[in-house]
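Participant: Mind having a look at this structure? Questions to follow.
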Amino acid sequence: MRTNPNIVITGTPGVGKTSHSTLLASSTGLKHLSINQIVKERGCHEGWSDEYQSWIVDEDKLLDEIEDEVKHGGCIIDWHACDLFPKSWVDLVVVLRTDSTILYDRLLERGYKEEKLQENLDSEIMQVLLEEARESYDEEIVVELRSDTTEDIEGNVERMERWVESWKEEISGYNG
Ligand SMILES: Nc1ncnc2c1ncn2[C@@H]1O[C@H](COP(=O)(O)OP(=O)(O)OP(=O)(O)O)[C@@H](O)[C@H]1O
């Protein structure tokens, strides 16, 4: 049984997954698994898609790559998808949400082209990731958090820190 929880932080590109994961990792000692980085660095892909301007992810290879680490516990899994991670791996799913005008500015600043920008905005407005999370995991472990401002990041990270502490207390009580 894990003695540290695994948390998935998901949401549309630009909502703040990396910002939240980095802060949470440094305050809790949990390990930040940036799936974007792992896909690229460990070659968990079938090449580059010019159309989507991203790697075509080989999900089986990715899961094989991270399985031992994640099963051990204590990972913050940061990615813009969540339904591929087995339920048994995951203790909490945080779906970050951002106001569409704020997200538009963030993606524009990143140099996203109009089509990709619009696609991501539509996805945020249609709450695609929230639905994906709700369909893939038990509803009590899925939490939707707002990420419009830096104060939101601070508040969300504090909330997740408290959650980690109480998860650990519960587990240590359970283990006697
Ligand atoms: N709540 C927030 N308040 C202010 N700025 C934010 C907030 N969240 C993210 N940002 C800013 O938006 C940009 C994108 O953030 P970040 O890289 O954390 O998003 P992401 O969800 O990890 O994106 P990707 O899926 O592409 O990796 C960064 O410049 C970050 O500083």
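Glycine is no exception: its Cβ is also placed from the backbone N, Cα and C atoms.
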Participant: May I ask you to find which of Arg2, Arg42, Arg110 TrEMBL records for the ATP site already listed with Gly14, Gly16, Lys17, Thr18, Ser19?
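Facilitator: Given Gly14, Gly16, Lys17, Thr18, Ser19 bind ATP in TrEMBL, the matching entry from Arg2, Arg42, Arg110 is Arg110.
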Participant: Examine the ranges 34-57, 58-81 and name the one recorded by TrEMBL as region 'NMPbind'.
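Facilitator: Region 'NMPbind', as annotated by TrEMBL, spans 34-57.
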Participant: Can you list which of these binding-site residues (Gly14, Gly16, Lys17, Thr18, Arg110) have a Cβ closer than 6 Å to ligand 1?
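Facilitator: Once distances to ligand 1 are taken from each Cβ, Gly14, Gly16, Lys17, Thr18 fall under 6 Å.
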Participant: In the same chain, who gets a Cβ under 8 Å from the region 'NMPbind' (34-57) while lying at least 6 residues past its ends?
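Facilitator: Beyond its ends, the region 'NMPbind' (34-57) has Cβ neighbours at 18, 21, 65-66, 77-79, 113, 116.
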Participant: With an 8 Å cut-off on Cβ-Cβ distance and a minimum sequence separation of at least 6, pull the same-chain contacts of Ser19 (ATP binding site), or say none.
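Facilitator: Listed in sequence order: Ser147, Ile153.
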